[in-house]
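Listed in Swiss-Prot for this protein:
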| type | residues | note |
| --- | --- | --- |
| BINDING | Gly12, Ser13, Asn14 | N(1)-(5-phospho-beta-D-ribosyl)glycinamide binding site |
| BINDING | Lys66, Met91, Arg92, Leu93, Ile94, Asn108 | (6R)-10-formyltetrahydrofolate binding site |
| ACT_SITE | His110 | active site, proton donor |
| SITE | Asp146 | site 'Raises pKa of active site His' |
Amino acid sequence: MVKIAIFASGSGSNFENIVEHVESGKLENIEVTALYTDHQNAFCIDRAKKHDIPVYINEPKQFDSKAAYEQHLVTLLNEDKVEWIILAGYMRLIGPDLLASFEGKILNIHPSLLPKYKGIDAIGQAYHSGDTITGSTVHYVDSGMDTGEIIEQRKCDIRPDDSKEQLEEKVKKLEYELYPSVIAKIVK
């Protein structure tokens with residue numbers, strides 16, 4: 001059984017999708033040890049409780065430095081014998097302590113066809129750009145923002161009559177298929 005921790009900052013829909021894939025047996029030999037969140041009021045906490053997944057709430061402002069924050073996370077992850085970190089809407093850059101402790105073992109999903117539209121509101125950027133195609137990317141995490149090695153991408157059309165909300169739903173649907181598929185191939 002490979003132990004993973006999932007990091008999320010917001011609603012946690014990708015977190016819950018992964019958990020449901022584990023619970024249904026579609027993601028085999030994986031144990032979700034805990035949800036790690038950096039916001040005490042994040043909806044992902046409710047999703048974790050619904051699935052009886054332990055939750056660690058660690059807000060960086062509780063610590064003297066980013067290094068102290070990450071060292072605390074590394075301690076918790078090591079106590080749970082976590083082997084992989086899966087980022088699912090975690091809105092912080094991963095720093096050197098976590099990167100060093102989990103080198104090559106941190107995945108992220110991003111709602112664009114990287115290297116286009118890194119960072120926040122990637123779907124909005126694609127929508128307003130006039131692009132006709134966008135998608136989702138799973139990549140390894142490095143010290144940059146959405147700059148790690150690309151593992152796999154999935155595409156969808158941006159139709160002229162799509163609203164931004166419709167496009168967000170299309171990309172979310174891609175993510176729900178793509179992320180568990182990549183995790184199944186990579187996390188061993």
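For all residues, glycine too, the Cβ spot is worked out from N, Cα and C.
Feature map: annotations from Swiss-Prot on the structure.
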residue: Ser13; record: N(1)-(5-phospho-beta-D-ribosyl)glycinamide binding site; DSSP (3 states): helix
residue: Lys66; record: (6R)-10-formyltetrahydrofolate binding site; DSSP (3 states): helix
residue: Met91; record: (6R)-10-formyltetrahydrofolate binding site; DSSP (3 states): coil
residue: Asn108; record: (6R)-10-formyltetrahydrofolate binding site; DSSP (3 states): strand
residue: Asp146; record: site 'Raises pKa of active site His'; DSSP (3 states): coil
Cβ within 8 Å of the mean position of the Cβ atoms of Gly12, Ser13, Asn14: remaining residues of the chain near N(1)-(5-phospho-beta-D-ribosyl)glycinamide: Ala8, Gly10, Ser11, Phe15, Glu16, Asn17, Cys44, Arg47, Ala88, Gly89
Residue, out of the recorded positions Lys66, Arg92, His110, whose Cβ gathers the largest set of other Cβ atoms within 10 Å: His110
Which of Asn14, Met91, Ile94, Asp146, the listed recorded positions, has fewest other Cβ atoms within 10 Å: Met91
Residues satisfying Cβ distance under 8 Å from Leu93 ((6R)-10-formyltetrahydrofolate binding site), sequence separation of at least 6: Ser143, Gly144, Met145
Other CB atoms, at most 10 A from the CB of Gly12 (N(1)-(5-phospho-beta-D-ribosyl)glycinamide binding site): 23
Candidates Lys66, Met91, Arg92, Ile94, Asp146 (recorded positions) - the one closest to Ser13 (N(1)-(5-phospho-beta-D-ribosyl)glycinamide binding site) by CA: Met91
Cβ-Cβ distance under 8 Å to Asn108 ((6R)-10-formyltetrahydrofolate binding site), same chain, at least six residues away: Leu87, Tyr90, Val138, His139, Tyr140, Val141, Asp146, Gly148
